[in-house]
Amino acid sequence: MSYDDFRRVDRHDPSTRRIASAQHYSPVLIVLTVLATAGILVYAVFLLNPANRGDLLPWLMVVSAETVLVVHALLAMWTVLSGTRDPRDYRYFTAQSLLFDAREAAGRGVRHQAHRWPLRLNGERVTVEVFVTAYGEPVETVRRTLRAALDLRGEHRTWLLDDGRSDEMRALAAELGCRYLRRLNNHGAKAGNVNHALTIATGDYFCIFDADFVPQPDFLEHTLPFFVDETVAFVQTPQTYGNLHNMISRGAGYMQTVFYKYVQPGRSHFNAAFCVGTNVVFRRTAVHEIGGIHADSKSEDVWTSLRLHERGWRSVYLAKTLAVGDAPDTVEAYTKQQLRWATGGFEIMIKANPLSPRRSLTPDQRIMYGITATHYLTGIAPGILLLVPPMEVFFDLHPVDLTVGLWQWLLVYAGFYVMQILLAFCTLGSFRWEVLMLAAVSFPIYLRALVNAVLGREQQWHVTGATTRASSPFNFMIPQVLMFVFLLLTAAVGVWQNWTHSTVTLGTAWNLTNTFVLGAFVVVAWREAHRVRRGLPVATRRAAAPTHPTVAPAPVAHPSVIPLALAPTPQSAAVALAEETAANLVTRTGHSLTVRGPAVVEPSTAGHPRVPTPRRRGGAHR
């Protein structure tokens, strides 16, 4: 048997199988995390030692920038090491095994129509709304998400919330058989869109998916069981990207990998995991208690999470890919996404201040939200560090005392950066230079975001995915280009000085490295601009919808403490296909709906739309 024959046994490449089967927290990873933490501490002591201080100005620049990086690195290591506990317990698996009401499904004749299976939690029927938010995305992008949303296992109603007020979207909703809502204005952006829908939809729980995130059919059966705990307000799952086909999308995607794989589980341990706006399920009564999704910020997801945690609600993060979406794959898309995120983060730092005694948070939550609010300062720090080598080349100003040996400095510096690179290598499977590139060149975006937050400037919302008209990437990276030209000039001067004096200085070597990184970004932008000029598509591949059987298996009729093992027989598949075809002629959104096709509802006039409380079937809220 050949190697290819072995690969076809389970249709997995050995490398992908190793990643899938690897433990998130292996002993090697824990040891590397501890060593990286030690390296960070040693480097911090070295920098702050007065005996090692060089000229005041460059030393202050290095210390201020590196302090931000060191503090955040230490807190990140602590968070990562805290997230080793699986949030799924005995109650979760019991609830999962009883989630689908097999007896009622058989009685209603929907045994083989997975999207109409009745749902139960704590012995009571529950209803679920699925919101797909759209604002100018391509129709085909929304189509694949709506199709996947309609096919979710478990009875639910799917809604297309169209803030782009597109007749094409209305026609798409009618074609697929989902509910359609639009507003007369875009007040509150995405949060206002969801709040408007909550004045009409009445489900006990509601899911939110961005238009480019395609959910897997088992999304509900993995998330709803957490709500047997009456204190859980929402369950968040990762953002996983399926379009990592160019430098920008790979860099943007892998930048999020460590956060979703290691940091969010740690935050969940401290009950501080926050909503990221998509791939999430909310308990309606929890959102009703805080007056709806927070609509006064472009980071409505983090603000909503903060307000829920202040009210004593719990959040759960499940580190399992249940939806696949699109990472930004152009300079324009990446810039606008990061600007929106960073502006929201700085708004929290300025307006909410998680460390304030007025905030009703636990000490752990204060620290976690403090990290969130100041995270984008780590993106400004590289911009400060880029200016240090030119100060040595042009003004002979050094951040470190010249009596400190080169090898001593390199050894301490390696303890800080090399260990973090090794840690990234273990978590991502390789060292992603695209991440390094984007981290080094994003400082103008975060500086602008900080100014926006301080001055209270309104930041317009933009679609992350493809747009109808491509723009030159150089329209969005003028500061980076100017910095590259300046560093290139500095490199030429530094090399000439070294050649003249027959020596190699650390400042010149450092500057050459920075020039190479910014130059790589300029080359990436030039290639993108070349495609734009030629009228070629910048994004050649989009994320694919998760593959799954056309016919889902029937629910089991007996209880089990383990997740459902649903396996259809060939006979049931044939019957199910016939039933599904007949059902599609009537409705695709569940027996409780009487209208197929679009329903246009005018917006509420209040700042925060009234969120009707669903009828409770049993005891008090908590």
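Cβ from N, Cα, C; glycine included.
Worth saying up front: this structure is predicted, and the values here are computed from it rather than measured.
According to TrEMBL, the compositional bias 'Basic residues' annotation covers 613-622. As annotated by TrEMBL, domain 'Glycosyltransferase 2-like' applies to 207-433. The region 'Disordered' annotation in TrEMBL covers 597-622. Look at TrEMBL and you will find 25-47, 59-81, 367-387, 407-428, 476-496, 508-526 tagged as transmembrane segment.
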Tertiary contacts of the transmembrane segment (367-387) (same chain, 6+ residues out, Cβ under 8 Å): 61-62, 64-66, 68-69, 72, 75-76, 79, 267, 270, 272, 274, 302, 306, 338, 341-342, 345-346, 348-349, 352-355, 361, 439-440, 442-447, 449-450, 483, 487, 514
Recorded stretch, among 25-47, 476-496, 508-526, maximising Cβ pairs under 8 Å relative to the transmembrane segment (59-81): 25-47
Cβ contacts under 8 Å made by the transmembrane segment (508-526) with residues that lie 6+ beyond its boundaries: 246-248, 331, 386, 388-390, 392-393, 433, 436-438, 440-441, 473-474, 477, 480-481, 483-484, 487-488, 490-491, 494-495, 497-498
Tertiary contacts of the transmembrane segment (476-496), as residues 6+ beyond its ends and Cβ separation under 8 Å: 331-332, 335-336, 383, 386, 389-390, 393-394, 441, 444, 505, 507-508, 511-512, 514-515, 518-519, 521-522, 525
